[in-house]
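Working notes, structure below.
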């Protein structure tokens, strides 16, 4: 508070008779000095210490009041309640001592957070040092406690003033990983009077017995002594968190830590991340301590990257703390079916349980850019974790154990496939409110949509790195999702999946139109578990722990029973066993249909290798057929696509009733290019590049075709191998071989064809020619388009076939890294939920988002969804916030049209950060302002980089006020309401399309913005003078944002209507109506160069 400015008034002195007039300033009345000292001291209680000290120099009475106040004050806060800030700078040893001498009765000193302290005094140099602070504190005889965050200062207080308590939460402020320096250290004495100790990046010799300690947080702490826990005993401890600390590598040295934690009867929160305690240790400690209350009051249990942790350790803690357990976070190695199956058999209830995190990985390990070897070099435990191996069977049991679960987060569990199978009669998930899935790539999109529809209380969905799109080119080389082996890479390191192999094989497809997989195999153990009745709530007894003595056997038995062992053998064989080759062509040709059917149904490994590629090729075939159908009918029928996809994706062998003798092709799939050959005799095709191929035993045409098969290829040609073994190869595969047809035909024109070769290929070429006549391409036949079409790129002339051996052409790819132009794999996420409030998508591979029936949906956030393109809103009336950030392929026109066509029941704000500079602002204005959209519309172009969200946040605060004014006028003042029907659109074909459009421009924090809008009232409100309600504690004004209503005092619609009365009259006279709702489109152009800008706000 600065010096008070004196106001002066001039008074006339002199007679009326013409005497000389003298101007004398009049003295204003000083009300402050008239107050008593007691009143002034009472006022000082509400002022920060910095302002109190400034009052000393204003007047003698204020100086006396300040002195009196300091003499009696008992609690002083040097940071004015802002514990995260530093105390005022400028103190020296002498000035700080002088201040504290004025406060002889002070008992608690808060906010002692100096920005810098010298270690020792320097003669002849006035500084702020640790000895000077100690001397000043010792000058206060009644001092009981000090709040500080300085490591060396708190250690000095412990050593020289052991009777002083450390108040609040001690947090050191210079912590980092790895530890900053050897000087960043702290020695904790046994006599330390402290309740909360939060250490980050500090070197600590040991953790001793501190009787008063209640909360201990250790993060990136280096424990320097060989046995840092040998004296650990904190009986008052309520919270113990140890994350990524560099301690002893010998697991036995953590025994005193666990036994010391068991002695803390009031322990409520236990978090162990990267703590290599001895496996089975917690089990034995719980057995010894649970009767006396050890671990009984835990409400939060966190295990993360604990190298030796066993299922029994976690299970014993959960059962012991069942009565009060709220939250559970489980590391991936313990995220398995057996853990929850054993908990179910314990027959306990968890009445307060709400939050479950499966596959928990500490955020530091997710964000850290250091390699594993570097982390180990800095002293962290040597831990490499595989993904969690919980399956759909285990997820059923999860809700049977934790019936009241509200918040579920699953991270990187690749063996989860069908979420709708998680719901059973005993597992309803009836209280689940928040669902977060991260990197669960195997979950099927259609099953997930069904799961969402079955959750009655779900409000929030967060999907991160989900439903990823298959890599381009996999269909051409016969791989599934770029793994190189035809199956999920997750199955290589984790072979314990209890799901059938079909689920594992399909998990990278993410097909929107796939039918749900059959229920998983239920083994005997699972049947026994499902027959267990739900016991009543009871406290843990010796019976539960007797059951857990056989925990390991039950866990291993759950995975190692004969059924699952057989499944594991099949899975291992499908990954590592060499695939069969069709060495003898004659045997392949003469093999019967029944034998091939048996091979398809029995050989799980061979089916697992090629299903994914076949599905992708079936999609491409369906796309080509639909494109041909759309040109004749005008629309693309989803039913046809679904039928084609379903037929191609199904793993069963069926016959066709209409094709007669031509049955569905039975194939023995093996690694290599995916080609369907349908000749009369069903020969075998061998791929020279991989040495493997397809075995075809019968043929069938497309559904609905009468008589005979319709080949996908143009024909077959016979070629001779190096060893003299004749084999047949598809002549022109529609997907793989189309681009090289011109070059091949030029060679064939130069060589006469033998009669046998020409006659063998004649029927196939005629069929393809008939199909080519029906096909009408929708775009020029480029490389990618011709690959998906059946149209020939050369004239229909005589095509003699020649049986010569040729080299592979460039288009016959064997690597997914080859340049490929393909359309994105269509993946549709359909949502239908009565209580869903919002969805957040991050790095997801979906292309379409469909809101079927979401009556309570309010927001959509999509960030870095590379292939997200379309939005379809069927029923979401109150949806009002849309955030699309860094979605490269978003179809802005389609999304905006969908949003603006929603019934005008809410004001809506649309935030977009386009990744490319293709926005035609004129065309955008034309689309929005001319369209049949019954809203007042604003388009804001923001050019700040790095992105500034000030305008975006402020607009959300006042756009509702603009709409409320219009609603008040329409409802209560009989103001005309504007309409926007198709007739209105026709009546206004030219700018401004029947709207009052204007532009507002300005600069915010050095970055320009532009706002094109037809909002009524806004210009008048911006130009108005502040009224009596104006508030200046708000930092914004028109120089820092578009519109600052608080600075104007325009806090409500009623107040604003007093200001815009003239504009209301003008509009009423001109009979210009207003809309009741508004829409704001906020375009942030910081990412338009194509490179995404890092932004903490998304």
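Cβ atoms here come from the backbone N, Cα and C positions, even for glycine.
Given the structure is predicted, the values throughout are model-derived calculations rather than measurements.
Looking at 490-541, 542-593, 802-853, the range annotated in TrEMBL as region 'Disordered' turns out to be 490-541. As stated in TrEMBL, the feature region 'Disordered' covers range 746-781 out of the listed 386-421, 422-457, 746-781.
On the 0 to 100 pLDDT scale, the domain 'F-box' (33-67) averages 89 in the predicted structure. Each residue in the domain 'F-box' (33-67) gets a DSSP state, and the totals come to 27 helix, 0 strand, 8 coil.
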